[in-house]
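In TrEMBL this protein carries:
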- 246-333: domain 'RRM' (DOMAIN)
- 100-122: transmembrane segment (TRANSMEM)
- 203-229: transmembrane segment (TRANSMEM)
- 412-433: transmembrane segment (TRANSMEM)
- 757-774: transmembrane segment (TRANSMEM)
- 795-815: transmembrane segment (TRANSMEM)
- 909-929: transmembrane segment (TRANSMEM)
Amino acid sequence: MSANERSGGTSTAWVDASHVSTSSVVNVRGYVDNRPKDARDVERAKGVYVPPSVDEARAHGDATQPRQLNERGQLTGFSMLDQNLDLGVEFSPGVQGYFLVVKALALLFLALFALNVPVMFINYTSTYYASEYEADPLRGTPPVVEEGRPSPTFHSWYVDWHWANPMSASLGTVAPDNVPQREWLVAGATSGVLRWSSSKIQYLRFGVVMDIMGSVIVAIVAPIIIILLNQTDTALSRGTVTLRDYTVLVSGLPSDVNEEEVRCFFALKYGMVADVTLVKTECRQVNKQRLRLKLMEDYDEAEAALIANGNRGGSGAKDAIEKRIIKLDKKLARIKSRTRCKRVSAFVTFEKEETKIECLLRNRRSWFAYVFNFPRKERFRTKVRFLVRTAPEPHDVKFENLNMSNKVWRRLAVWLAVSAIVCFCYLFLRLLVDEKEKRWHSASMNGQLLADEIGIVIVKDRGELTRDAQASQFKTACQTRLNECGVAFSSGTRFAGVPWGAPPLVFYTDPMADDHDRAYGQQNFVKDMKLCAGEPKRCPVSEDMAKCYVCHCASQSYGLPDAVVKPYNKAIRDACEPYVENGPGEYYQWLWNSFCIVLMNQILTMVVPALAELERFKTHAQTHVRKTELILIAKYVNVALIYPLLNANLTQAAKYMPLLKQIFRLRGEYPDFEPEWYNDVGLVIFFVVMLSVTFDVIRRISTDLYTKLRRKIGVATAKTQKKLNEAFEGPELDIGTNCGDIAFKVLLVLTFSSSMPLLYLVLAMFFVLTYIYDWHLLLHVCRRPERMKISIVKYVIRVLLFGVGMHCLLGFWMWSYHWAPDVFKPKDISESLITKHSPLAYAIGGLDYNPLHNNSMLLDTVRATGSATEYFLNYHSMNIGRITDGDSIEGPPRVPVRFVERPWSETGMPFMVMMITVVGASLLWWIAYKIQHLGTAKSKIIADRKNLPHLHNAIAAGILVGSTTD
């Protein structure tokens, strides 16, 4: 190829191969090629290479891509800001509906996020005082503490959140009910202005109201979008003339029929017939013929490359392709000899629209009438029954499937295949969860890291004696320090102690203090020591107290008996998380799980659509809808069902669901939507959405870049005009797959956004980017899409409406996790099942090893010795200190799920009512729709009449839009 040709010039470069041997000039092929030949094909058969033309390729690209004539009469692309562009007329109702839905969803999810911004702001900026002994909520001022001491606020002790953590504004940061329900102080994030006093119950009520308002908005908007789509479809269908308006599809005709016989039959019975197209070929033959055509194009490319190189390099590639074609021809011959269509289909195009309407009305029969009441005079050849229905659009027909019956076994096989794929995904996810749980069930700590921070050198490599020797070294280095730490972190009526080999202990001498205050104080004590270790200047007494935290963790790892560590490993692990031995990548386990799930879903997006082809639908529209359904179901089941269930601990409900228990075990880490769930499972789900959005945006950008790169590579490497034309055609804008991905994200976000409203913003940004970039791909990159129906887009909106029900179901369970008064019988929290177990039952050692303390003895010890150290040592030796490694103690009790209380609480009842309302309204609407359209098939056929001119007049006037008349 010459430099001028590579740059797009029109000159022709000829490579004369006449001097080569005769065998290379004579083009003898072992197969029949009946394709029409152009000048390049003729010259190539003579052994002369004619390079492909870039200008022709560009012209071909302009013919296949969206283009318009400018004022100079030149073809140019559409502008993305063109306000006069009518997508429905220029492309199809389906394309217009797709962009309408994407824009509507972007605005809808932005509105939902804006509605939840006040809830997230209050949650994120609130200061929560859990004990009346450390703050006066009525004054709304922080407690007076010693200089350098951390303030005992909710966000400072309950969860160590970072401002960039996406779960920081989720429901997971709300303190659980075992924390005393006092007041929240809401203030500006930095200035401290606009302070007012609130309560957790008021916050929950406000959050539920905002969430229900969002659900109502979605439930109202979804039907409105469907109405707009229907109106758009009706207006475009009535304003557009296609071959479908004159054509019927006749199926069930005998295999030996010919076009003239069909034409005469329908012309005599109904009126003038303009055209008849018979479809006799079965699916396997059509697919093999398509493969044969592709191989012949590859053969041409290999032959042209060989001639262009002066027959250097050998003809191995060309010969291999030729052998494949010959082998395929033999297979086609065998298929044709064995296969014969029992019935064929025919597209009958009438000259008049009213003739088509009459044909449909006269052949509208029920199944019973088709079998038992089909008049012989109406039958084909007086004996063959046939079916007549409105023909699909020419571009929508899958000709290879027209003569295939709708077998139930195909649908069953497809769903079995999808189920098998989901089962494989289940096994993979189970491996991920099992690996995570295996690590989290261990509370062993990094001894070397502990020793380095304490400042000692520990013994190593002494076999079974190593751990005992290390424990002795840690005890010697930390025992005295821990006693000093207890004195330093005590204040007022709160006495803290952490003897070696004991959990953190906090006692209040105030007679009104209860178990809640004591449990809270122990957690707050650990947080104080951790903050002191991170910022020694904030330590009480002196900066030497910075080693209190590391010594406390060494005490938990080397001082506590194994009989205590095993059942309470989760509490120990949470308290000393920086020193716990992490497995490979454990700290970012949630990110790894998210990436694996998203990668698995991307594979499903490529594999599952191929299964939709196995059902052999007769139209592309049906195939696209099934493709969307399969993508949605497979991906949603992975993320929203399998992964949460594998992490769920539903042993209380498992006895009612034995099969579910057998599959998922239901013995995971989380029995409910507790705060820890959000930083584990919730974080994985959040990043699955984030990564899915990111991958989809990258896929769109890659499509754009790949198309440009493909054209450059095609200009440099293509040897035939056909291959170069293909490089300039552009990819297909697969709206079917896009709708499946959109439906999946919408349903997933609506399912979990009740407690994680930040998902609304993520999805809104995704729809904004999708709208902009898909608009760019449609107008400037991809080839003109096939005219598609609006049914596939309406499926996304039906999923949106279904998502409201899932949102209410999960929202009910998430919000009602926190106690709220009963709607009908107001009760105090003391009457709830929440108070069934004392908070100390969940402390390390449980209630049996954390009994009530003796206030008078504690005060006597303080007066006698000046500190409570001796009292804490005696308390420890009398309780956990008497446990040996051979003892067996039970772990913490299960938190009551409160099945009876939650549906009637102020946080549960609104979601139950909303869910019943949505389900009931949808069911009533469906029943009313069916009743309204019962027996209206005849009137619908008549109503579809458009009063169109004769077919040939419509063609002459240029108003007919079709696959060959665009």
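Glycine is treated like the rest: Cβ placed from N, Cα and C.
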Segment proximity, the transmembrane segment (909-929) to the transmembrane segment (100-122), 3 or more C-beta pairs under 8 Å
no
The recorded stretch from 757-774, 795-815, 909-929 sharing the largest number of CB pairs under 8 A with the transmembrane segment (203-229) is 795-815
Three-state composition of the domain 'RRM' (246-333), taking helix and strand from DSSP
55 helix, 15 strand, 18 coil
Chain residues in Cβ proximity to the transmembrane segment (909-929) (below 8 Å; excluding those fewer than six residues from its ends, i.e. six or more beyond)
208-209, 211-212, 215-216, 219, 801, 804-805, 808-809, 811-812, 815-816, 823, 903
Beyond the flanks of the transmembrane segment (757-774) by 6 or more, those residues with Cβ under 8 Å of it
98-99, 102-103, 105-106, 109-110, 112-113, 116, 119-120, 166, 169-170, 686, 689-690, 693, 696-697, 700-701, 704, 733, 738, 742, 745-746, 749
